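Read the structure below first, then the notes.
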Amino acid sequence: MSPTTITTTSTNLPHHFKPEDFSKESIPTSKLSHKTILDILNKKCTNSSHHLRQAHAVVLKSGHFQDHYVAGTLVKCYANPYFKNLDFALKVFDIVPKPNVFMWNVLIKGCLENNEPLLVVSLYCKMVAVNCMPNKFTLPAVLKACTLVKAVEEGVQVHAHVVKHRFSGDGHVKSAGIQMYASFGCMEEARRVLGEAEKSDVICWNAMIDGCFKFGDIEVAKEVFEKMPRRNVGSWNAMLSGFLRCGMIEAARELFAEMNERDEISWSAIIDGYIKGGYFKEALEVFYLMQREEIKPRKFVLSSVLAACANVGALDQGRWVHAYVKRNLIQLDAVLGTALLDMYAKCGRLDLAWEVFEKMRPRETFTWNAMIGGLAMHGRAEDAIELFFKMQRNKLKPDGITFVNVLNACAHAGLVDEGLRIFSSMKKLYGVEPEVEHYGCIVDLFGRAGLLADAEDFISSMPVRPNAAVFGALLGACRIHGNVELGEKVGKILLELEPHNSGRYALLSNIYAKAGRWKDVEKVRKLMKQRGIRTTHGISMIDLDGTVHEFKMGDSSHPQMKEIYLMLERIIERLQIEGYSPNTSQVLFDISEEEKETELQYHCEKLAIAFGLLNTTPGTTIRIVKNLRVCKDCHSATKLISQIYHRDIIVRDRVRYHHFRNGKCSCMDFW
């Protein structure tokens, strides 16, 4: 293990603090006590970099910097992830003469909290090199760092230090060692640590379960769980989190139901697991049960729940979470605030998203990205671009996600020249290297504008290998503009790149069907059958009074389905009076025109709209979320429905938002 050199330079710091920041009376800096200095650092400097710099100056001026406890506390403050100033923490540490183990522990912990595990391993090497003996607080952090960076050789050496310095019996050190070996797949070594020294407590057994799951050894994890001499709620949580991490949703659901005792971690794990697995409705149902059992959710749970609300368009439940945050005086930090504005934007309330954004402090890059993305989805391209430039005026550097959002905004609004200017500025002005996603945005930009030859030439000249998303953008453009020849060529490439993506087959079939090439449609269908590919069914969801109602074509399970069908028939009659004629080119079957019209009538978004008209008062906005793109026929029909029934209808499909009002759509039929 080779030590890492840490260099530093001195810096001039302001040394002016208001007297009230120290005590009721003004005290000369040189006479400030050790306790007062620590109080200033621990109470005044946790979320104010201005106060921290002032406190640093006071520490230097008062002579307390020579005290390792004061210097260590100062390093701890600078290493706080809130400030994103780990480099300066390292510089401060480097000028401390002969730092003791407390100071090394503070810095190691700070690096771990700042997601710098490799630096932790390097620092430990230097600590050993200068003959500073680790203690029971050092070793768990270093073992965890070795686990995170898969540093097998270094991890074994650190474990040798554990044995050498007689920390094998410490529960925290032991559990960290077990997790490390298990995550490396060294199950025998993990079992040996579990059984060595004093009798292992339940925390060590839980660590063994967690390590098994991290290595992917599910059966061994189950075996350990069954053999445990004693279990606590943490044991159940380790199994629950493990199942969810491995995508075993059903096993997690069954285990959760079996649990006699659940804590906040149990509830948050199942909610987060459902969301990561795409089970958004189930996540909201669990959150409702959590409320009934009077478990108070913490910030990260609320952020997860808001993500679920955003995905299913559950505006009422999202607003309830917002009200809960206000009622309980929960601080709206960057993560929770961004989740909230993202929920409002994705539920069609861009006004409320903007309100949250304007009030948020601090606003991180990802917060600006979410707001720019929200504006882009709603077709507000010029506002998205303006916010992009405002972000820079606020001294925030755009990242790769920022550019994806801005380029998408340009693509959906047909702003080809503006999009190309922004793309060309990425590397030159902002130092952001374009990735394949950014090239895909430009293909989409050309494609939506009908510049298919330019899109094809751009793909040929790309310095990176085009992926399925790039070709998918071009295939989508071929569908929009009816270019069968190019669509067929690109479609065949996509079926090779993504043979299990049902959406690619559906899009190619759509292009063939629109051109009346039914034999080719049948060939695609046969290929899907041979490869065992199932079509993704269209699902439309509508949130009514906090309950998400789901509609699928041909599914009659909804209790109001009879009334919905009758309402839909009346809607179609009124549409026909206004001159509506179904766009049967959207039907992918070679059947009679009458049969095609019947099939189009019962598309899931039309069912959701009928349900909305039945169950809301006149003038109420109807909000729908669809998992696939809105078809042309439903788009035309919804424009007319908004005019006939005097309703705003907001539909979020897989690609963007459509805000229908008075017979027009916000996408201006450019989608």
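Yeah, the Cβs are placed from backbone N, Cα and C, and that goes for glycine too.
Curation does not apply to TrEMBL; its annotations are automatic.
Per TrEMBL, the features are as follows:
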type	residues	note
DOMAIN	579-671	domain 'DYW'
REPEAT	100-134	repeat 'PPR'
REPEAT	201-235	repeat 'PPR'
REPEAT	263-297	repeat 'PPR'
REPEAT	333-363	repeat 'PPR'
REPEAT	364-398	repeat 'PPR'
REPEAT	399-429	repeat 'PPR'
REPEAT	501-535	repeat 'PPR'
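Remote same-chain partners of the repeat 'PPR' (333-363), defined as residues 6 or more beyond its termini with a Cβ less than 8 Å from a stretch Cβ, comprise 299-300, 302-303, 306-307, 309-311, 313-315, 318, 321-322, 325, 370-371, 373-375, 377-378, 380, 394, 396, 543, 621, 623, 650, 652, 657, 659. Away from its own ends, the repeat 'PPR' (263-297) comes close to residues 233-234, 236-237, 240-241, 243-245, 247, 249, 252-253, 256, 304-305, 307-309, 311-312, 314, 317, 328, 548, 550 of its chain (Cβ-Cβ under 8 Å, at least six residues beyond either end). DSSP states for the repeat 'PPR' (263-297), grouped as helix (H, G, I), strand (E, B) and coil, give 26 helix, 0 strand, 9 coil.
Outside the repeat 'PPR' (100-134), and at least 6 residues removed from its termini, the chain residues within Cβ reach (under 8 Å) are 1-6, 68-69, 71-73, 75-76, 78-81, 84, 86, 89-90, 93, 141-142, 144-146, 148-149, 151, 154, 158, 161, 165. For the repeat 'PPR' (201-235), same-chain residues at least 6 beyond its ends with a Cβ under 8 Å from one of its own Cβ atoms are 147, 171-172, 174-176, 178-185, 187, 190-191, 193-194, 241-243, 245-246, 248, 259, 261-263, 265-266. Secondary structure of the repeat 'PPR' (100-134) per DSSP (helix as H, G, I; strand as E, B; remaining residues coil): 26 helix, 0 strand, 9 coil.
Here the repeat 'PPR' (501-535) has, by DSSP, the following mix of helix, strand and coil residues: 26 helix, 0 strand, 9 coil.
Along the repeat 'PPR' (501-535), the predicted structure has mean pLDDT 89.
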